Amino acid sequence: MSQDSQHGKWTVSDSDDDDEALPSSGTPAVSNPSSPNTSVSSLAIGSEARQLAAKNQLNPVKYETSPSLAGKRKKEVSDGSGWALSDSDDDDDGDVKRKSVSNLPKKAPPSPKAKKVKVEDERPPSPHGRLYYIDEPEDFFESSVPRLNDTFRFYLNKVTGLDRKYNTGALHIKGEKSLSELYLFNYCFDIAWMVQQYPSEFRDRPVLIVHGDKREAKARLVKQAQPFPHVRFCQVQISQNTDIWKMMLLWYEEGFRVIILTSNLIRADWYQKTQGMWMSPLFPRLPEGSSASAGESPTFFKRDLLEYLASYRAPELEPWIQQIKEHDLSETRVYLVGSTPGRYVGPDMERWGHLRLRKLLYDHTDPIPGEEKWPVIGQFSSIGSMGLDKTKWLAGEFQRTMTTLGRSSHRSNPPMHLLYPSVDDVRTSLEGYPAGGSLPYSIQTAQKQLWLHSYFHRWKANTTGRSHAMPHIKTYMRASPDFSQLAWFLVTSANLSKAAWGALEKNNTQVMVRSYELGVLFVPSAFNMETFPVHKNPFLASSSSAGFPVPFDLPPTCYSAKDQPWIWNIPYSQAPDTHGNIWVPS
């Protein structure tokens, strides 16, 4: 049957709610080496959505061909403002975790005569042609050293195609130098591209890749590394194919550094998307004979990091755990918020997911007068199934966590603003429709929770110059009614889903978490502040402001009656994107 809402007409299938289903497996695909605009690599794309985006980048469908789409989509809604269903019944419960696409067209292997000559310092090609990056600032790939008075150590990535001022102080993967060893935890890897990002004199330094791939996916990953004998692997044993949390451990002669980020280690994630990262101070080695508790921070970051590494139960990680124990992490002022798959009872319920966040907010924030008017803001790049109405999870246990402020018994019900790109945000983005490949909200999930869309707000980031750089970053915060102050801020890999954050079971005596996630929580008390003032000009080079650099505009912009949330697996042929193309899912 069909159902109307203020955000378009939807065709509702008769599929059952599958909240209890495990996430579908994500089989990485291989990038097409025959494209003249793509360097030869074995890029593990890692999801159906990303594969679809890659296909549309390599083989775009121009706007003028859209009439030929008539009759080619099953269950398509005839109304131009409506939605269409694909044949899949899978739901997305996390950050781009989809089964592989079996019907992507196969390309013939390139002729040996057409083999591209490798250029050592070549810039990464654009999906839209080699001239697309022609206007990059000359120093785009140069290192950006964080300001010495940087308070929060939270950074956005550099984005090509922006005014130079919006990349001042932003970071790129190519900025790290003088490394002695790298440990990389992530979901998607392009090893050839990754190696090229480091200075030539450091490209042979040992690299250890921590992944959860199995069988064919693992074989493809290992094949990528064949030209690079310094790259080794650690496969963590996970019960289901979920996202691997995104972290780098960078080792130097002087110590090591932790980077917790939202980007996959692939080219597409680092150039025209909005990403975020927290970069730790350089942690020096402790003096010999230090006690077991030495080097701990007031936020217990060292303890929590070691516990998170131990949660993988991988013998290969033991040497790293011992190395970390020998270093001083006392300067850290953020709290670690992680998720690991499993069912937890008793005190263990507060170790992971949103109950971990609730516990930290209860212990380390303070009640605020008039807090019922302080809205909760969530911003993400994927959405899971949350039930037939808001009481099933979102406005129940999740909002209870997000509205916790100190030990107050008062339970407020403030506004909740959820930021997720609209179709028009994606269409007019720097990448155009292919940006939607990293926003895998499926029609099967969306059609079962129309109630959710009344919470939606546009992706607007004029303050940071990133309104047209679609977000892969995920952030959550509590803001004052005038949006000038923050009660807390979280950057994380966790999207808006029960899989990522956990869901209570058995009359609230047990919590189930399905995914590995990792983020860092900023609370004012750890910085000797009552609240965080919002930074109005986060890229002002001469600024010494202690304000927090929120990645998007505040207050958020609510969807209009004509706005529709981006759905990745239905066609968009009514209007061309910024490159004159339309979106045609296979």
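Note: Cβ is positioned from N, Cα and C throughout, glycine not excepted.
The annotation active site, proton donor/acceptor is assigned in TrEMBL to H472. The Cβ of H472 (active site, proton donor/acceptor) lies under 8 Å from the Cβ of T262, S263, D269, K273, T274, Q275, S381, S438, each of which sits 6+ residues away along the same chain.
According to TrEMBL, the substrate binding site annotation covers K246, K474.
Taken from TrEMBL, the feature compositional bias 'Low complexity' applies to 30-42.
The region 'Disordered' annotation in TrEMBL covers 1-129.
If you look up TrEMBL, you'll see S497 marked as site 'Interaction with DNA'.
The least crowded of the binding-site residues K246, K474, judged by other CB atoms within 10 A of its own CB, is K474. In this structure the alpha carbons, written CA, of K474 (substrate binding site) and S497 (site 'Interaction with DNA') are 12 Å apart. Distance between Cα atoms for S497 (site 'Interaction with DNA') and K246 (substrate binding site): 17 Å, as a whole number.
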